[in-house]
Amino acid sequence: MPPTINMGIPGASSSVTGGVSGKRVLLAEPRGYCAGVDRAVETVERALEKHGAPVYVRHEIVHNRYVVDTLAKAGAVFVEQTDEVPEGAIVVFSAHGVAPTVHVEAAARNLKTIDATCPLVTKVHNEAKRFARDDYDILLVGHEGHEEVVGTAGEAPDHVQVVDNPDAVDKVTVRDPDKVIWLSQTTLSVDETMETVRRLREKFPTLQDPPSDDICYATQNRQVAVKAMAPECELVIVVGSKNSSNSVRLVEVALGAGSDAAHLVDYAEDIDPTWLDGVTTVGVTSGASVPEVLVRGVLDRLAEYGYGTVQPVTTANETLVFALPREIRPARS
C-alpha cells in the first residue's frame, strides 16, 4: 500500500507529491458520508425494520440517487409534498429539514413523523428563529429553491432574504443596516460564501456573523482535501449526484484549486474514457451523501485503465456521530 500523504494534521507533510511515477490515483480523505447523512439513512432503515413498508419520506432523504433507489427497493416511498402521504401514515423528514408549516400539515393529517433533519441544519433553523425574535434582517446565503434553504427561510419568512451568490448582493435591501446578520446553507463553497459575505459587509459594515460556523464541518473538510490534491491532478472525479449541492461544490473547488478538469459521476459507468487521455494523476473524492461502495466502484474502473496505484491524501480525521431520532432509537435493555 503506498504511503498515506497527510496534510493539515500535526506532523503532516505539506506536499502531495508521493514520489510514485506512472499512473496513480490520489484519494481524498475525508470523503463520503458525513454524520448527518449517516444518521438520516439509518433513520429510514430503522423505521422500515420497526414499522415495515411502506415508510414515506418527504423529499429525497439525502441527495444521492443510489441511496434513494436502494431505500425505495426496501420499501421507502419518496414524496414531494406532505399531502401525498396517506392520513395516519409514517413520514420521515429528510436531512435537509422542513419549514414549520410542514409540521403543521403533518399534524393536520395525523401523520406519525420522524424528523431526520441534520442537527447542524437544525442549528441554523434555531439561529433564524432567535434572530427573527430580535427583529433582525436575516441574510441567508444559499441556493434559492434548495430544500435546506426553503426549510430555514420558512422559520422566519418575514425576516429572511436569500442571497444566492456574490452578484446578488447588489439587490439586497434591509430595514435597519445596524441590525443585520448573515446565516448560510450548510453545504456551500466556503470560498464563494466568504466572498458573498465580504460584499455584504462592504454594503452593511455592521453585519453580524452567525454565533458559530453554519457551513458544516464535513463540507469544509471535503473541500480542504480536494484543495490539497487538485494541484497535482490533471483530472478530479467527484462521486455524487447532480442535485447534491456539496458534491457540485467539490467539482468547482477542484477546478479552482488547479485541476485541469473535474467531473461529477453517480457511478463508475459514467466515467468517459476520453477524460483519461494523457492523464497521469486522477484525484477521487465523493460528496457527503455518497456511500463508499460507489467510490470503490470508481477505483476499480480506474484500475482497469491502469490507475492501480492509490495514494490517500488525508487532511482531517472525522469521528462525529449523531444520535438517532428518539422515535427509532433501540430500546434500552
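Yeah, the Cβs are placed from backbone N, Cα and C, and that goes for glycine too.
As given in Swiss-Prot:
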- E148: active site, proton donor (ACT_SITE)
- C34, C118, C216: [4Fe-4S] cluster binding site (BINDING)
- H63, H96, H146, S244, S245, N246, S289: dimethylallyl diphosphate binding site (BINDING)
- H63, H96, H146, T186, S244, S245, N246, S289: (2E)-4-hydroxy-3-methylbut-2-enyl diphosphate binding site (BINDING)
- H63, H96, H146, S244, S245, N246, S289: isopentenyl diphosphate binding site (BINDING)
Candidate nearest H96 (dimethylallyl diphosphate binding site) in space, where candidates are the recorded positions C34, C118, E148, T186, C216 and distance is Cα-Cα: E148
Sorted by sequence, non-H63, H96, H146, S244, S245, N246, S289 residues with Cβ within 8 Å of centre, isopentenyl diphosphate: V62, E147, E148, T187, N243, S247, G287, A288
Nearest of the binding-site residues (H146, T186, S244, S245, N246) to C118 ([4Fe-4S] cluster binding site), judged by Cα-Cα distance: T186
Cα-Cα distance linking the residue listed as 'active site, proton donor' and S244 (dimethylallyl diphosphate binding site), given in Å to the nearest integer: 11
Recorded (2E)-4-hydroxy-3-methylbut-2-enyl diphosphate binding residues, H63, H96, H146, T186, S244, S245, N246, S289 - maximal Cα separation rounded to whole Å: 15
C-beta crowding around H63 (dimethylallyl diphosphate binding site), within 10 angstroms: 29
Coarse DSSP state, helix versus strand versus coil, of C216 ([4Fe-4S] cluster binding site): coil
Shell list ([4Fe-4S] cluster; ref centroid = CB of C34, C118, C216; cutoff 8 A): A35, G36, V37, A95, L120, V121, T186, T187, Y217, A218, T219, A288
Densest Cβ neighbourhood among C34, C118, C216 (binding-site residues), 10 Å radius: C34
Same-chain residues at least 6 apart in sequence whose Cβ lies under 8 Å from the residue listed as 'active site, proton donor': H96, G97, V121, G142, Q185, T186, T187, S245
CB within-chain contacts under 8 A for H146 (dimethylallyl diphosphate binding site), separation at least 6: H96, Q185, S245
Cα separation, S289 (dimethylallyl diphosphate binding site) to C34 ([4Fe-4S] cluster binding site) (Å, whole number): 7
Cβ neighbour count (within 10 Å, all chains shown) around T186 ((2E)-4-hydroxy-3-methylbut-2-enyl diphosphate binding site): 29
